[in-house]
Ligand SMILES: Nc1ncnc2c1ncn2[C@@H]1O[C@H](COP(=O)(O)OP(=O)(O)O)[C@@H](O)[C@H]1O
Ligand SMILES: Nc1ncnc2c1ncn2[C@@H]1O[C@H](COP(=O)(O)OP(=O)(O)O)[C@@H](O)[C@H]1O
Ligand SMILES: Nc1ncnc2c1ncn2[C@@H]1O[C@H](COP(=O)(O)OP(=O)(O)O)[C@@H](O)[C@H]1O
Ligand SMILES: Nc1ncnc2c1ncn2[C@@H]1O[C@H](COP(=O)(O)OP(=O)(O)O)[C@@H](O)[C@H]1O
Ligand code: SF4
Ligand code: SF4
Ligand code: SF4
Ligand code: SF4
Ligand SMILES: [Mg+2]
Ligand SMILES: [Mg+2]
Ligand SMILES: [Mg+2]
Ligand SMILES: [Mg+2]
């Protein structure tokens, strides 16, 4: 996919550590694929919390702020996704506020589906809003909750929120961690010497040399203080709803997601795809890098040779020359170049992780054919995406989803390819196992939780 | 004075104008002496309000944001003073929030003396704070006030605040203007074709070609809508308390302040000083530029020739090489250079507007002597500053005020000068006329209003 | 390899084209892997040449300069490699000078081996040098050459230079292209509608939609004017010396290099390696992305399954937190993460393109073992690098080259791996064919041309 | 004047000092009025020379480069004027080159009038030019001069140049200083402890606490080495030609220029003007700050009271909103505001230092009248400027000079004022004394030296 789907944020928190800001920003490097719009951290020295944020990548954050000036024992970090609209520094995270509980900073991954209703209610009650992010609404609710202490206030507050959330809070002396009862987004905890570390994906632990302990449980609430870690359950849903798309595209393959290796699941999906949608082809290639694992699985199961048929430019990032005509095509060409020697006179099976709009694949298919491919067969390691996500992914509007208005055959025709095959919903769930524990709503329209009253579905944090 | 006193903010608002952002930023250029820490504007196009702010001067604001992208019919602007502490973009103004009244942006000049109490109360009631500025507290109060409309809510809210405030608000379609009942800070209104313009100082009107109409009255509340301007009185104090320091130092001499020409009053003070503290000297010089008007008055009344004895460097701004030893002296030398030919073998009378710490004058006195002055006589066109300000000026702590612990004689000795003379409080008030209408608390310790419970005296907006 | 070897520059030139600067910068995106220190372009509008350069990537160049301001019919572009030393804007290219031939701009890829001697001579003759780049020396020589016109002067001048050079010059109305007689570095020409395009690698043509025509011949000199293209030979060496390392590492696999597909050669080297150094392993992985093609070849020839065992972070670029202890390890960890599920309990064969210092491989080997690999076998798709390059590559000093002081066995021990195998020189040359046409001096110490008198070997352009 | 005349550069050099870069940049602050386009320094640590430059003010130079990284015992600094044309970093100074004499850096104030001829000659001889500045031509000449050592080469080289130059060179171990034989531009030397300091104006010495020793003599050449200072004369002209405009406008009044106090001369010019062109007025005001000294002289001699009638904004710098209609007027209004109370119903005599185009004065005259002035009488403390300068000042083209095509009466009419009076050439020279030692060519068309063959008259350094 090329700028078609956006992960919506990555979070990290470290408590009782050394070189906390340095480790948080290192960890954010590992989570960078979850958000490239803005990056930030908040750190407590036990007395005061300070926050720094930048638009852009973690490398920009490091360039704009001298992190060695920030000393502290606990902190949180956040990367936020990039979309065209309300992308301003005001919406960057963490958000730091002061309230009756003292200073609180929060980093959020997910999407609150009743945010609009709650915000309207709070405005009616006399609250003011300085951002358009869910996190501010959360903090208002916490601030106005009657409770004995901050921990209790957070616990009470978050029960009012529907949708998905992985939350890491710090006060001047404690850290609080919460994950929604459905477990939509991944969140894990690790040990780093005497310190605790929580992060959206375990690849951050690998980089930091932290030892993965377990996933934060859906509905779990953690209180981490100088006295240690206390776990409790603040909610209990009658089902789980892990976002199955994390396996398909969003998470890094080297992460353990929902307690399974993402790479393993992705590979299984490739194999299952080969079983469901075989092809008569000379080589299997992937759209790198996100579909490579599935392609390897497909190649192995089908016995067709895996090849690198498309080269992915290492230097194509966010900065791009302003859009004139043919820009979309230009962008795809900048990112991918076909390797003629691999493709020429071959019947090519292209494995991609998913189809959202289909525009990129259309351009790529033509590129492959121009490079001499005799036939182009597309195999998608997930079912047709036909419905919007309200739980933390930024999809194009439903009308733009290829599968919402076209059959696979029509899509194949639009793409101009010999054949197109999708993984089935059942096949996909077989790969993950315990399929009932997963959300697959964007595929099967079965939304596990309240989905809100309007378009606020793409908001992160 | 050199970085000793700081004006605390300047505000401007334009309603129903053309090229609104351009005119607001032009006007901020004229108000720049009132604040150099940050600059910003908020503009409404009738439907939505947008805000942009930058750390630094108005020229930075213009460099960082393409103002031609901002179209609208009404807007406000703000410049904020520079102090070491909590100087971050978060505290810059205008502040824009969304609440039950819709979007509101505010620009504030002054200092709320019961801000801490109100903030504590609001925090107890469940509010969150993202800045340390008074304006946020004001907006919270407005948002939680029960009223029929925004105008009424603002009116009700501001009656709860003590201290000084000149406030300009915009909603998406209206502008609201309020000045505290004591009239501490200046605020005037002008006509600019079909548009209304309010500003802290009339020099902004001159630059914009706007016609001064009158001062906003102490306790006055203005509602400006498409239907025109509506004035009412929201409070009535039993006295006025215009800040007399506006005449002495803070305002630009070309402004009409409290309905009198600042330049005229400053000149009168110079003349009165000559009467009260005559001197036997060959020349009168000023510490340029702020004391020049008073020095001219002193020269005229005393009959001693006015000369330019100190040259003020045009290029010394905020950026400075980091402080090592002798930095203060270096800074003074960078800003001022004595003109030897003028000073050599002369008995010099130096007129300065005020003494805060006295450190700059001490360095200057030595410089003058090194340049050949036979005698150095200091004449101050205001009384000794011995008490802090709680109404919108940033003074050093009381302990640092020269006059809080030293007599004039002791100060003269500290400065190493032949003589030192101050204007009397009575003499000063004679110059302004109607002395009972002025605050002179930093001179005479007679505070007109509640001064709060702690150190929040230096906060602006 | 991780920051161990640096390609030394990429060049591009377009004559008689539309949107010339836009296309040049697009092309530079495709050549970015050849140099990340600085990027620049020079453009002629037929009357005047203008130049713009930036430190950093092409994306920085585009951010710092509004390329749409640059109109012209012919231009050249350059990317320069990054090394610690003399990396300043002054050394960035293209270099634009004015001389008796009018304005000339040049972009250079290669290394002049008699630059020091020539420079000393020129200094003795009264010339001044403002940079430390070869290109300036070239321009001096051209300027002082007696000739009938610029083209003749360039031709005469370049015969004095030894070493490697691919040069693209523009004057206000013409373009000149030259390649040294050994053909060390690649340079090709393509048609783009009515325009001519020359570039270091053909992947730039693919991106621009230009049609590859042929390679510029070793010793060829092209004059491109409004009247068309004129080719001649300015020198004839008794052998060719294409840099074989272009195939191994420097060029992009999707480029046609020295008239052969780089990808094909790389794959052959992988297969040949499998023949020469078989292994008893469960999986073959590569150090992505540069060794992936060779690894696929190795897997195919050996029949061992290819897997993705190391994930390469998409966001690790040049900006890095300043070096404290363990930085090298941290850097490797930031760039690569092992995929445990793939590696656990496996005997792993790791294919890498080359070993320079070996430090990265040492860290990676440990990472693989920590991830559960039972055995680690390293296979290198090139012979041991034991000698410096004087023809345009930036190698570490000879002492730092692992193979200059250690046998393969000793290196294996240093790396802490079960086995290490290198491709033989003969095997390597078999893969390219016509081995006598290649330089392989860094492997076999057989330098085809004069190698200069001192350390100026790493200079580019 | 408002952006009408530009001083062309200021130079400084320090040899054998401590904190050399810090002191050079401090000194450049004092010379900033001589050039605002770019600033730079070069420093030698005895072995190597390094250079840093920035576009903009000295404060930008300090922001962009951490000067504390630059250690050395000798260095030079430069500020360059701002004009629209060829203002690029390439032209900024100092220029550092390497040649047969080793590294040389140079800072230049002045204008070489035979630069074009020499450059053409050098190009014919095979030299290349990377900038359009005179300094590069100078360095070429030095590099190609046959001599025993660098000092001798410089001495020989500079005899070939006509026009004006104050030059400060450093090699790795020595400093060389030269001033043209006419002494057009000021250059002085001072002692700073064990160190030597040369600078364009003595105000730099005051800031550094350096003790003025004497002016560098016209035609003098200084060699400063570890062994001390050696002076000799490299040329002898039959007259002197100090730029009289330095007194009128360019130099800071607190500087000693051509061994006389600039302030004193300026004051005398004001008095002389009062004698030559008396006026019947109520007050004398100046166009601040450059004309204030002359205005004080005029007031003293005429007995008419001096007043501050125009306020000069402290914050109007180089950054300005892009020119649309009325921009010139807007710019003048931004810089100056009339003080109504001073002007109202007064017959005002306005003293200005000079008239170039007259556009600013025209706008100011209208502003004064709008502010209530009954009559406006302009008195200019210099004669009509009717001819271009070829010796280092940036004038508008001759056609734009008001006095080149209009009589004083016509100018008065154009300005819309009651009367206009200029100082006579004789009166002016009486003020300086020894009038034959001054250049006044822009007033009297009597050019002391060769003025070149074309438009290269405005080039600095
Ligand atoms: N090195 C890699 N190999 C395979 N998949 C990767 C790799 N890096 C990232 N991914 C997958 O690709 C997705 C998108 O990654 P990202 O770096 O944002 O690339 P893109 O620019 O292609 O969107 C990630 O969510 C992850 O699933
Ligand atoms: N041109 C001027 N002439 C006289 N007084 C001025 C002028 N400009 C500003 N002032 C006065 O000096 C005060 C400080 O002005 P500012 O520009 O901030 O200078 P400084 O850097 O000296 O503090 C202003 O509040 C005003 O009273
Ligand atoms: N997408 C790719 N796939 C395979 N090899 C690549 C790819 N991109 C670049 N390379 C090869 O890797 C080398 C280094 O590329 P570069 O982008 O600079 O990566 P690195 O950061 O690993 O040095 C290139 O010279 C080229 O041979
Ligand atoms: N503080 C001052 N007082 C009087 N004259 C000054 C002062 N500063 C500079 N000048 C004079 O004004 C000239 C222009 O100074 P500059 O700072 O560039 O101001 P401007 O922006 O008005 O051109 C200088 O060359 C000098 O002669
Ligand atoms: S709707 Fe799709 S993307 Fe969203 S949480 Fe469910 S599975 Fe994930
Ligand atoms: S205390 Fe002084 S500075 Fe403050 S408002 Fe009163 S007079 Fe003004
Ligand atoms: S020495 Fe090696 S890197 Fe250099 S040109 Fe020869 S083969 Fe290429
Ligand atoms: S022409 Fe005028 S400005 Fe130029 S040097 Fe002579 S007096 Fe000075
Ligand atoms: Mg993808
Ligand atoms: Mg002052
Ligand atoms: Mg590699
Ligand atoms: Mg002037």
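Glycine too: its Cβ is placed from the backbone N, Cα and C atoms.
As written in TrEMBL, here are the features:
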ACT_SITE  D:9  active site, nucleophile
BINDING   D:243, D:389, D:439, D:442  [4Fe-4S] cluster binding site
DOMAIN    D:9-227  domain 'Glutamine amidotransferase type-2'
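Counting other Cβ atoms within 10 Å of each Cβ, the lowest count among the binding-site residues D:243, D:389, D:442 belongs to D:389. Looking just at the domain 'Glutamine amidotransferase type-2' (D:9-227), the mean pLDDT is 94. Each residue contributes its Cα atom, and for residue D:243 ([4Fe-4S] cluster binding site) and the residue listed as 'active site, nucleophile' those atoms are 14 Å apart. Reduced to three states, the DSSP call for residue D:243 ([4Fe-4S] cluster binding site) is strand. Closest to residue D:9 (active site, nucleophile) in space, going by CA atoms and restricting to the binding-site residues D:389, D:439, D:442, is D:389. Neighbour list (residue D:439 ([4Fe-4S] cluster binding site), Cβ cut-off 8 Å, at least 6 residues apart, same chain): D:182, D:184, D:241, D:242, D:243, D:244, D:391, D:447, D:448. DSSP assigns residue D:389 ([4Fe-4S] cluster binding site) to coil, not to a helix or a strand. Its own atom aside, the Cβ of residue D:9 (active site, nucleophile) has 27 Cβ atoms within 10 angstroms in the protein chains shown.
The DSSP secondary structure for the residue listed as 'active site, nucleophile' is coil. Secondary structure at residue D:439 ([4Fe-4S] cluster binding site), taken from DSSP and collapsed to helix, strand or coil, is strand.
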